[in-house]
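The structure under discussion appears below in the form of structure tokens.
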Amino acid sequence: MKAQVPLLVMLTAVILGSMPMVNTAAAAAAAASSRPHPLDPLSAAEITAVCAAVLASPLVPARPLHFHYVGLDEPDKPDVLAFAYGTAGSPSRRRPLLPRRALVIARAGGQSHELRVDVTDASRPSVLSHAVHRGAGFPPLTLEEQFAALALAPACAPFARSVRRRGLRMDDVVCSVLPAGWFGGAGARRVAKMQCFVAGATANYYARPIEGVTMVVDLDRMAIVGFRDREAYPVPKAEGTDYRAGKAGPPLPEPEPAPGVVVQPEGRGFHIDGHVVRWANWEFHLGFDMRAGAVISLASVHDADAGTRRRVLYRGFVSEYYRTFLDAGETNLGLWAYPLQPGGDCPDNAAYLDGYNADQDGNPVKAGKMMCVFERYAGDVAWRHTESGLPDELIAEVRPDVSLVVRMVVSAGNYDYILDWEFKRSGSIKFVVSLTGLVEVKATSYTHADEITSDAHGTLVSENTLAIYHDHYVMYHLDLDIDGTNNSFVKNVITAKRNTGNPATGGADTPRRSYWTVRREVAETEADGQMDVGTGPADLAFVNPGKKTRLGNEVGYRLIPAGATAASVLADDDFPQRRASYTKKQVWVTPYNKSEKWAAGLYADQSTGEDGLAAWSRRNRGIRNEDIVLWYTLGLHHIPYQEDFPVMPTLSGGFELRPSNFFERNPVLRARPASRHGSSRNCSCT
């Protein structure tokens, strides 16, 4: 669910109070003092310059003009690679000055406009191109128009009557703006739906829906154009729904775990230089986009044995969230990355990074502490072995595992998503999505499970409260560059074989009846690159055919799913499934195309499925020994249980990219044994 605010709260105070305006003069001075990395997100000064150029351009004369997306239009990939790593005859220390450009999606005159703006010199921005979007779909909803839509509800006479008929007070009503989706037709109007709830005695108003009432808002006209009151169900009770400290009841009778802190006697082991993060053998660029949130670029790992830095990932980000709502494309997911709470969201040893968004009027808005970086000491083991087979000698070797985590938390209405990128010294990158927050519920007349005699589409989690069945899909866009841009996707299929013996000897030469081996399949086209990871055992690898180890193996990285591998079970012709058809497979592989970034298409709101990952892949382009992109869908079928109410304990799933013949040997073989720093601080005395 999306934007929500008590109906009688002053909207301006909500917007400006939660996201403070930026001192653009100070930001401009700071930006001018340093030369940005070509993949740095737009600064406050650049956002100001971009939006000023658009407003001054005669190409879009209609007013009002509202900004729906303002983000970096990154330079061409070969230019960025030359900047980062250098080319033959042009070492990386002689870095070229690359242009700074922005992509703007704006609405004016009832049309969606795409503009590209050059801000290489922020004092003289210029509009480079302009186009009007003529296809299906609309740009993301702005925060301001969502709040403006909420203000319409109290003045809607039919809604006021429905509230009174249920014996409710309008002062206790809270509404939420929801994307309308698409259910056929041309979708000529930008509309959204409003669903309302009762707050009053609880902060968890999502647990108390006003069931059966829906309003439709025309966002361009900013008017309610549809109202329906189907049936009045009892509003669930407030008792037992509040999750706040001091409101959820007395502390548990069991003893609390002893408090713990992270002690780093020598300080943090990572360094952040602007947006470039260096830790152990890893180096990468950490950016921010108002649609995707965190963006990891130019991730490379240092190979100590080879004495060189080696490329792994050119650019990676979350391309789309799908829960019927296309959260990233419909509402700009990065806008819902609220400030992280030290000691709760991130440990005490974390460093924090800010980001900047553009509001509807084109003003830069600072999102403070919206990402954190920290070293994780979880007591895990990097590798170990104890050997007792040698005479009169016991060998015990163990190395502790430490990793670097980049975290962003998104509160998309009732749900909270904790998004972790975890870099390991072994060369692995782990991706973890953790779900928590408030499950979506609907009101019902049921008060006991025995009363349910037909499909209720959910679990009764409290009296008059059904938590509905639903899915979560998080799609990652991962432009892998394993030791270079030319890569291939390999499926090492595990195949059972019957042992028929040696025909030359006339019989079996072993009592074994079967064994398994590997059938290597190299994907030639996009159709070959689509895969359901549940269809059978296989190792999935991305290799560089032009690079081999000294033993002759192709260097690569393998994809390891770690739970959360659900694929959609909806009918292919169902309207939500047509919009997000990529959820039928966990793995897609496409050739790199700078314009193909968003799995649901650039215009996801009320999209029809005619643009996006599945549509692009129907061209069935070649992907063998090409610059390829991995699209991975992390999926969860969520059947709620009573323990998920009123607030859901964290549920996690993920996957890993792990070196496969990338190094000549174990890259953490020479890691130091555990340090004894601080061991006396953990002793207990009696």
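Keep in mind that glycine also has a Cβ here, set from the backbone N, Cα and C atoms.
Going by TrEMBL, these are the annotated features:
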- ASP327: active site, proton acceptor (ACT_SITE)
- TYR415: active site, schiff-base intermediate with substrate (ACT_SITE)
- 139-236: domain 'Copper amine oxidase N3-terminal' (DOMAIN)
- TYR415: 2',4',5'-topaquinone (MOD_RES)
- 1-17: signal peptide (SIGNAL)
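Counting residues per DSSP class in helix, strand and coil order gives 26 helix, 29 strand, 43 coil for the domain 'Copper amine oxidase N3-terminal' (139-236). Of the recorded residues, the residue listed as 'active site, schiff-base intermediate with substrate' and ASP327 (active site, proton acceptor) place their C-alpha atoms 11 Å from one another. If you draw a 10 Å sphere around the CB of the residue listed as 'active site, proton acceptor', it holds 28 other CB atoms from the protein chains shown. The number of other CB atoms found within 10 A of the CB of TYR415 (active site, schiff-base intermediate with substrate), across every protein chain shown, is 23.
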